[in-house]
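**Q** Handing you a structure now.
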Amino acid sequence: MNMTKTAMLIALMTVMFMSIGYLLGGGGGMMIALVIAVAMNLFGYWNSDKMVLRMYNAQEVDERSAPEYYRMVSGLAANAGLPMPKVYIIHEDQPNAFATGRNPENAAVAATTGLLNRLSPEEVAGVMAHELAHVQNRDTLTMTIVATLAGAISMLGNFAFFLGGNRENGNGVMGVVGTLLAMIVAPFAAMIVQMAVSRTREYAADKRGAEICGNPLWLSSALGKIARGAKVIPNEEAEHNPATAHMFIINPLSGRGADNLFSTHPDTDNRIAALEQMAAEMGIRSAAMTARAAAPSQNSGPWGQRSDNAGGNSNGGSRYRGPWS
């Protein structure tokens, strides 16, 4: 998204926030909401990336603690012509990943242990290239600020249930209607904005990510595995913080309750089809990738150590536990 669209999006979310303030507290409530919204936008610009990483207990890694993963991201960043982002691991079984940061110079990428353990090196490269594409397209600032404001709007909607509106703003039916609007319409509108942001940027990041890693089929295979994993492996932190769902490469919500009624992401099959079409146009055949993707994934992370003694470097047959061990 360019800066104009980003500014329009933030302005729209701010108007939603102010509208809830008006419904709950009249003119005074609207002004208080405006002040809070401006403060949140400024705070979000500088700190929303740190908040999201802390929310998911992300652990920063480097070339010593996660050499293969770190070097993979470094190589992909060089391919994209980007500064080296900070690299994080999230100790979460569900395979997934996201990027955050206000600009390419202050960016971070994060992958779950589930993703690193279950995907092949090529698939991990496709996923991280997709996240770097978000950084290059400057989607990350929008993603993090939207997550912050959407969460706040939903929170105010919940407050409306307890506060029940303001007498000055309307008695009787109008007070009830205002409260219902704050409770239902505003959080729903915030979700629609998240959907609009996510659906357009995901296709663009898929395309650019495929260019960065050099093979669209790496990413298409990864998307299929991640989508299947997200359906059966719940991400409890994401379930508790659904406003951040649009940041992930695949919707992390399991569909419990109404969380998944409207997806924040495009249909995975459509994304895979677009990548496969891109591969065909590049003259890349799918047979090699299919063979790789069909291989057992028990030791399939980019640092996976074979169980045999190939190369004579086996450490007594001990199982490698990953770059975070």
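Count begins at 1; order follows the chain as displayed.
Including glycine, each Cβ sits where the backbone N, Cα and C put it.
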**Q** Of the candidates Glu60, Glu63, Glu202, which does Swiss-Prot annotate as part of the Zn(2+) site that also includes His130, His134?
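**A** The one candidate that Swiss-Prot places in that Zn(2+) site: Glu202.
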**Q** Can you tell which of the recorded positions (Glu131, Glu202) has the fewest other C-beta atoms within 10 angstroms of its C-beta?
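**A** Looking at the recorded positions Glu131, Glu202, the Cβ with the fewest others within 10 Å is that of Glu202.
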**Q** What number of additional C-beta atoms lies within 10 angstroms of the C-beta atom of His130 (Zn(2+) binding site)?
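**A** A count of 29.
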**Q** What residues, ordered by sequence, lie under 8 A Cβ-to-Cβ from His134 (Zn(2+) binding site) and sit at least six positions away in the same chain?
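**A** Long-range Cβ contacts: Ala99, Thr140, Met143, Arg201, Ala205.
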**Q** I'm trying to understand the geometry here, so how far is the Cα atom of Glu202 (Zn(2+) binding site) from the Cα atom of Glu131 (active site), in Å to the nearest whole number?
**A** 10
